[in-house]
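Over in TrEMBL, the protein carries these features:
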type	residues	note
COILED	235-269	coiled coil
TRANSMEM	366-394	transmembrane segment
TRANSMEM	406-427	transmembrane segment
TRANSMEM	463-481	transmembrane segment
TRANSMEM	493-512	transmembrane segment
TRANSMEM	532-552	transmembrane segment
TRANSMEM	559-577	transmembrane segment
TRANSMEM	583-602	transmembrane segment
TRANSMEM	614-638	transmembrane segment
């Protein structure tokens with residue numbers, strides 16, 4: 001409805017007050033700081049705050065990690081889903097109490113991180129032990145230490161062979177090749193697997209070189225495990241160590257969970273350090289001399305006196321109102337009523353209006369809600385949307401502004417959907433009729449839920465005409481806004497040439513089309529106007545065309561080029577036709593929702609009999625309609641946005657505004673409740 005007027009303020013104050021002034025402005029959160037021209041002054045310099053800023057950012061990150069661990073090992077009861085989680089509301093006194101004990105909480109956060117470090121170390125050891133157990137499993141039947149290499153008279157070879165060597169006889173044949181005394185070699189297969197065979201070979205020391213040569217030629221390799229004992233004993237030791245590490249993990253987790261009562265304090269401290277980091281980041285951007293510092297920025301005009309009075313009386317600051325430079329753009333704040341502000345996010349996604357331009361939020365929000373409802377157009381779906389979003393807004397009062405607007409927008413869209421659903425006679429498709437016909441013996445040709453207006457499935461052409469009519473109104477309103485801006489700027493030539501001419505031309509064409517045989521054949525509607533209406537329509541069309549022909553290229557002094565540009569602009573009526581036809585999507589999506597819903601109901605009523613039929617119907621009904629509302633609500637959202645961005649905004653809206661980004665306390669977990 002309106003764009004808030006902005007005022008630029010320049011502030012000069014004693015250097016010793018710079019932190020308090022910044023904290024005050026950060027708490028108020030109504031001033032967007034800008035880089036001052038004084039930065040080029042050689043007598044001024046900026047303070048290096050990187051060290052302090054990094055310190056506070058690290059502490060905030062430390063508390064973030066502690067909070068994450070607490071929520072993992074000691075989750076809050078009834079914490080809620082992350083999608084609709086809201087910030088914890090605390091007052092200034094509560095925040096001050098936590099701040100006073102910040103050193104204590106710093107120690108606790110560090111202890112939690114040490115406990116996490118201990119958990120990670122233990123889990124690493126457990127993983128290492130498990131891997132070692134897995135590698136020792138094939139050696140479980142070996143009854144001598146794996147590090148054994150010899151006895152008094154014999155040599156011991158423990159290792160692996162290729163999987164192809166999987167029998168004791170084959171192993172013995174390989175090991176004893178070339179050994180004269182067959183009894184001088186003992187070969188045992190410990191285990192076999194798909195990749196290797198674990199073996200042990202014992203021979204006389206004098207034959208070691210030959211036996212090892214035989215084995216290695218067949219692929220023998222020493223074990224890679226750094227194990228010295230008997231495998232079964234080593235596995236028992238590993239099991240004992242795993243149990244000990246798991247106990248240590250439990251103790252560390254218990255240690256973390258012991259701080260659960262301080263979760264709120266940790267959240268406060270995280271945001272406390274985050275706020276301080278932001279303050280020092282801004283402090284490093286302020287030019288200052290030996291005794292004073294300077295800052296400037298934009299505030300809402302209505303708040304300018306409040307800021308000036310506060311800073312001058314409390315800190316003795318000098319505050320001056322400044323005019324913006326020609327190359328400077330003031331930030332944009334939109335001010336709308338409770339209905340229209342729900343659609344501010346839709347407008348901001350396209351681009352904010354510049355100062356001095358028209359804010360289309362209110363008008364756009366009306367069409368947005370109407371078109372969304374026409375596309376989804378099912379009373380049951382609309383009631384569900386309105387109830388769900390309404391409950392979320394009631395239950396979660398501290399939602400982020402963007403999420404709150406989104407919920408409010410879909411609440412209104414839900415009401416619109418329910419309205420159009422009753423107008424079209426759609427309530428979860430035709431579920432009332434299906435239930436009545438299937439279980440209550442109502443005649444199949446009797447419609448139980450009558451539409452308040454008409455049923456689109458029975459008369460789609462009628463709905464198409466109405467959709468195109470809504471499109472014409474929507475586009476004409478957009479053209480009217482462009483005309484309003486021309487009048488506001490006292491550009492009467494543009495108003496006549498670019499606005500009135502098109503109204504005359506298009507309105508004349510419409511009134512010439514309505515009584516024609518072409519329109520009658522397509523729509524089945526018969527419009528009969530008096531002769532003077534037809535004559536007036538022709539006159540308007542000709543007058544509008546002449547104005548467009550002569551004035552569209554008025555910036556060009558060459559008459560021939562000017563006429564050519566005008567003729568090309570008249571050809572632009574085809575783009576109007578294309579834009580109007582785009583509104584047929586109101587029909588297409590509305591019919592799609594109803595048809596799919598009816599098919600779901602029909603499918604549900606086709607199977608089973610008796611109680612089983614009811615159960616099958618309920619399952620298909622819930623699953624089918626859940627999917628249908630999700631898909632078609634998304635489609636309605638996308639296509640409603642398109643009608644605003646492409647067709648509506650294309651007639652008048654340039655955007656180009658800069659969003660207002662005030663210097664304020666940016667928090668992650670808490671919402672500070674200001675005392676009244």
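Cβ coordinates come from backbone N, Cα and C, glycine included.
583-602 is the stretch from 463-481, 493-512, 559-577, 583-602 with the greatest number of Cβ pairs below 8 Å to the transmembrane segment (366-394). The stretch from 406-427, 463-481, 493-512, 583-602 that makes the most Cβ contacts under 8 Å with the transmembrane segment (614-638) is 583-602. Model confidence over the coiled coil (235-269) is summarised by a mean pLDDT of 96. Tallying C-beta pairs under 8 angstroms between the transmembrane segment (463-481) and each of 406-427, 559-577, 583-602 places 583-602 first.
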